[in-house]
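Have a look at the structure below, then the notes.
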């Protein structure tokens, strides 16, 4: 099944602790916890585009597998990032900076399970295709 499409956040576990460990400020954390963002995935040849859309903030990363790029992390810091693919449907994103963050997006049919880790804190968020 192709991964392109739109997915809505259905379930979020431990996301507030993940944001705490990352050092996200109170106002941003409060807003982020209450939102139900839409994940939009687009594939343009060998370039992938992942967008997170919400009423509070929209973000986008555009990348080619294995190629380093820069992005603004959730705490506002500019970091170097690399995304690799494992199998057909699992994308492993590593953000390098003062803290290393790993974000795994596992596309499972109509669901995307996003596991984000920083330090010894892990958050799991599940999105459903819309």
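The backbone N, Cα and C atoms fix where each Cβ goes, glycine too.
Keep in mind it's a predicted model, so treat the numbers as computed, not measured.
So that you can see what the record holds, here are the features copied from Swiss-Prot:
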{"type": "BINDING", "residues": "105, 125, 126, 127", "note": "(9Z)-octadecenoate binding site"}
{"type": "BINDING", "residues": "105, 125, 126, 127", "note": "(5Z,8Z,11Z,14Z)-eicosatetraenoate binding site"}
Cβ neighbour count within 10 Å of residue 126 ((9Z)-octadecenoate binding site): 17
105, 125, 126, 127 excluded, remaining Cβ within 8 Å of their centroid ((5Z,8Z,11Z,14Z)-eicosatetraenoate): 7, 9, 10, 39, 111, 112, 113, 114, 124
Set of same-chain residues at least 6 away whose C-beta sits under 8 angstroms from residue 105 ((9Z)-octadecenoate binding site): 50, 90, 91, 93, 112, 113, 114
Farthest-apart CA atoms of 105, 125, 126, 127, residues recorded for (9Z)-octadecenoate, distance in Å: 10
